[in-house]
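Undergrad: Not my notes, these are from Swiss-Prot:
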- 1-25: signal peptide (SIGNAL)
- 142-169: domain 'PLD phosphodiesterase' (DOMAIN)
- HIS147: active site (ACT_SITE)
- LYS149: active site (ACT_SITE)
- ASP154: active site (ACT_SITE)
Amino acid sequence: MKRKNNKFIEISIAFILGIALGLYGQNPDYFTNLISQKSLALSALQIKHYNISELSRSKVSTCFTPPAGCTKFIANQIDKAEESIYMQAYGMSDALITTALINAQARGVKVRILLDRSNLKQKFSKLHELQRAKIDVDIDKVPGIAHNKVIIIDKKKVITGSFNFTAAADKRNAENVIIIEDQELAESYLQNWLNRKASN
């Protein structure tokens, strides 16, 4: 009985494959166009390309751990914010960055944060400390994990990279941070932030 079932499956697959190849032979452009349309649709919705000449006009700074020091690098950028800070974070437990965000809120900077849901249960998360400071903090309810590490400052500067906003990222892990000062790029990141916020 098992052999008969296997034989039936093999014949069915061969039959379907034969039909597909026959259709492709008659009209190969249909399949090519279909794939191209799908790819173009994805690009239009999710992908923004930047060429080297565009980014070469931007001011770019980097930081790497080890050695420690990227936390201060990020906090200094937050201290320079004048109008707005939009943040996305997976881990949010660093005291220095939290203090910089609270100070920014206190001096009138608009601070908005999206965190991964794990912060609701993590012992060292600064979620509640940020909320007590009247900062608008929301949970990104993506089905998986909200793994972004992004800070958008004054809609013209983007901080991103592998660096979680935690003490471990600065003192124990091998991480990277990149800061790009480019208004168009910042607007692209901000639009993604707003889309994630709206989806919640």
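Any Cβ shown, glycine's included, is placed from N, Cα and C.
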Undergrad: Quick one, of the active-site residues HIS147, LYS149, which Cβ has the fewest other Cβ within 10 Å?
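TA: Looking at the active-site residues HIS147, LYS149, the Cβ with the fewest others within 10 Å is that of HIS147.
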Undergrad: For ASP154 (active site), what is the tally of other C-beta atoms lying within 10 angstroms of its C-beta?
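TA: Excluding its own Cβ, ASP154 (active site) sees 17 Cβ atoms within 10 Å.
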Undergrad: Can you tell me the mean pLDDT for the domain 'PLD phosphodiesterase' (142-169)?
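TA: Result for the domain 'PLD phosphodiesterase' (142-169): average pLDDT 97.
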Undergrad: How big is the Cα-to-Cα gap, in Å, between ASP154 (active site) and HIS147 (active site)?
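TA: Rounded to a whole number, the Cα-Cα distance is 22 Å.
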Undergrad: On the DSSP side of things, how many residues of the domain 'PLD phosphodiesterase' (142-169) fall into helix, strand and coil, could you say?
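TA: Across the domain 'PLD phosphodiesterase' (142-169), DSSP assigns the residues as follows: 3 helix, 10 strand, 15 coil.
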